[in-house]
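> What TrEMBL lists as domain 'Ig-like' is 39-141, 160-230, 237-325, 330-432, 435-527. Positions annotated as domain 'Fibronectin type-III' by TrEMBL: 531-629, 645-745. The region 'Disordered' annotation in TrEMBL covers 623-642, 796-858. Among the features that TrEMBL reports, transmembrane segment is placed at 761-788. As annotated by TrEMBL, compositional bias 'Pro residues' applies to 817-829. Feature annotation from TrEMBL assigns compositional bias 'Polar residues' to 845-858.
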Amino acid sequence: MGPIGKLKMGRHTAATMASALAAIIFLNFVLIASAVDEPRLEIFPSQKVQRKAVGQAMILTCRPNVPSPNLVADLQWKDNLNNTILPKPMGRNPPMFTEYMTGTESLALIINHLSVEMEGKYYCTASYATNDILETSVTVKTYVGITWTNAPENQNPILGEDYVVRCEVKADPNPTIDWLRDGDQIRSSEKYVVQTHGLLIRNVQESDDGIYTCRAAVVETGELVERTIRVEVYSRPVITYLPTTLEATEGKPFSANCTATGKPVPEIFWIKDANHQNVATADRFLVNPLTGVLNINSVTQDDYGTYTCIAKNDAGVADQKTKLNVLITPSIYYLYNVTGVSEKEVALTCRAKGRPAPAITFRRWGSEDEFTAGAQVDDERIILEQHFDDDKGESSGTLRISKAMRSDDGLYQCLARNTGGTAYSTGHIEVQFRPDFTHMKDLPPVFSWEERKVNLSCLAMSIPNATIEWRWNGKPIKDIHDKNLEIVGTGPRSDLIVHPVARQYYSVYKCIATNIHGTSEHDMQLKEARVPEPVPAAQPKQLTATSVTFEIRSPPTEFGLPITAFTVQYKEAINPDWSTALNRSWSPDSPYIVEGLKPQTMYHFRFAARNQVGLGLWGVNTQQSTPKRSAPEEPKPLHSPVQNDIEEPVVVSPYSDHFELRWSVPADNGEPIDFYQVKYCPGVKISGTWHELENECQSVEVPESTSYEMTHLAGNTYYRIELRAHNIIGFSSPASVIMKTTRGIDVIQMAERQVLSSASIVGIAVGGVLLLLFIIDLLCCVTINMGVMASMCRRTKRSPSEIDEEAKLGSGQLVKEPPPSPLPLPPPVKLGGSPMISPSDEKQPLQTPTESMKQNSTIEFDGKFVHSRSGEIIGKNSAV
């Protein structure tokens, strides 16, 4: 087929399709026209299902839609039970009726108050053209609208309690409830719980104040209603201040305060319990209900009694009682001294009068701390019992001490106190106890050696004083009659002087103290002292070419017999003979340094310890070689720098133009120091960096001296000083010092002449006083035969009988004072706090003999003997 044929066929097909489309459109117009022309009834509103809230009014209108409205007859409504709904009768207002709408052919169904029973399908019917029945229907659905049944707009929870903010809602279908605060939704948590009938707030606080929104919603109807509730937290009244007792003075005005907190602010009332009277209505009384202040113009005895303070607000009521006493100044009429026994109960009673009955307490003499009622917190043995008779205005207090102790002995002050004043009285508690040696339990044994006499001192603490007996090997020493055992004193202190001429005397001696309350024993041991054990270890800690510093471990020692010195012997390793060794001794607390050694030399060292008995055996042997010769160690300047906030530590010169630099001699490391180099440069410190003035630096060499005076210095100027030691090998590392001169004229002037020291002046004064006393004594001897010189003259003229008596005693054998104990006794325990003189106060503390004091000594070894001298221990070499 050619192109022309194809074109003709396409035109024919398009014409066919256009004809079919026109036919369809025509058919639709015919159907629509026929539907419009079909008679029917229409209900307005036009929705098939009408939803209305119960209780609301409702109108449904039925209108015929017919070509000829005048052919419509019997237009009526039927209810959900298919009953015809009648028009509204005259004078009545039924819940449901029909009514023709004015100016239209429509019939309205009017429901004044919709109820749940009215729910269902309603029909509108009519006849058309006599034989054509028209009918249509509408379904009425009812629901209960949101109604607030219990949702007060102002609610007041109580502080600290759980509270449900009430919001009860009625609706059908059931509504959903949620809560908002400040526009934010509240979710259930530990603090908030959303419940059916409200919002639970746990442990209500003041921060829970605010505006809350209860929101109810019905999903099925789309109804949403909000209720704003103001929550203000109330707090129950709390009486914050009201003394348990009030005290007023008769005839004087009186004021008392009862304060309370709460929200709203509580109103305060005062009630007198005796007659249940509100005192605000009584004469002489005035009450401020807001502040709670009670004023009485003039107090009388009738005002005595119990009063109740009542605080009241919308959250609750609080009340508290107090007692008003009309004051009478207290007076103490009973307090007697008491005596008790240790470990038993003792009680001190005090009685007093006053109105109100005074409170009675006690305190130790000299202490401001009073005992409190009941058992004491720091000592449950002590109980203060208080008894009151308010009607009689009398009270008593008893200080009861169970299991009394020695420390409870002393004066006690009774205090009877009320608001009218305080009365005082003092009594004494004496606590007697059996002898006690507790203070001697930790004393070390007594040591002796080489038959030296010793003093075993026994002091018994007791009330009354104890008598003391000594026993040895179970036998009373006084019955043994041993001249090497001498007893001095029978109590409360007794000394046993032992002369240990044989080993049997190194034993245990028993001190037995007795008084009316019992007996106590104390064993005192006399031991034979020995020299220390060998030194277990000594290690070199620091080496130079000419010195060694050791670390020495001490051997075990007897308690009470300490190490007094360490000794070292040292010799060159090539020398086999220790008898030619060198020796050095140190005190235990000094550095253990051996000096004067040869460089690059092997030495042998051995060590021993010394105590009061003597030098122990030589212990550890140590072998150590010294390093080779080298430059000297760094010298140490002998100046104390002062820390400055900005500069580094500086040494301040007392002069403005000169300064004396002093230093100690360092180790020379094998070659003698031939000179010291001192370099000093002025300078300043800028931004933490030291800047020297190089062109003004000076350098000097100082031979054979340990000081150098720098002169012609500038005032108020900083100088950096470098000090080096030099030997044939070289210079040491420099010791650096920052020094600052003072400003202007020297603050210290050099004395041009020698003046006497204060010690010399005191010596001259004492000598003058002694010379004057000698002259006076000489005059007394010459004129009236009195004085020291006269006594010496009479002493030289003794009678033969006196000489015979002295011979009988044995010249030089009589011990007038007991020899000192190697260790001093502790002072006696002070008994009680009484300022009054009593037998216990007469006990004097033991005097510590000066010979028993530990003294330092210098110990030197000459190869054969060890020599000891009193004074500071200073190590010293000695060649043998």
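Cβ atoms are placed via backbone N, Cα and C, with glycine included.
Annotations in TrEMBL come from automatic prediction, not curation.
Quantities reported herein were computed from a predicted structural model and do not represent experimental measurements.
Burial and contacts for the listed features, if you can.
Mean model confidence for the domain 'Ig-like' (160-230) is a pLDDT of 89.
Across the domain 'Ig-like' (237-325), DSSP helix (H, G, I), strand (E, B) and coil residues number 6 helix, 53 strand, 30 coil.
The helix, strand and coil residue counts that DSSP assigns across the domain 'Ig-like' (435-527) are 10 helix, 50 strand, 33 coil.
Cβ atoms under 8 Å from those of the region 'Disordered' (623-642) belong to residues 540, 543-546, 548, 573, 597-605, 649-652, 661-671, 673, 676, 721, 723-727, 729-735, 737-738 of the same chain, restricted to positions at least 6 beyond its ends.
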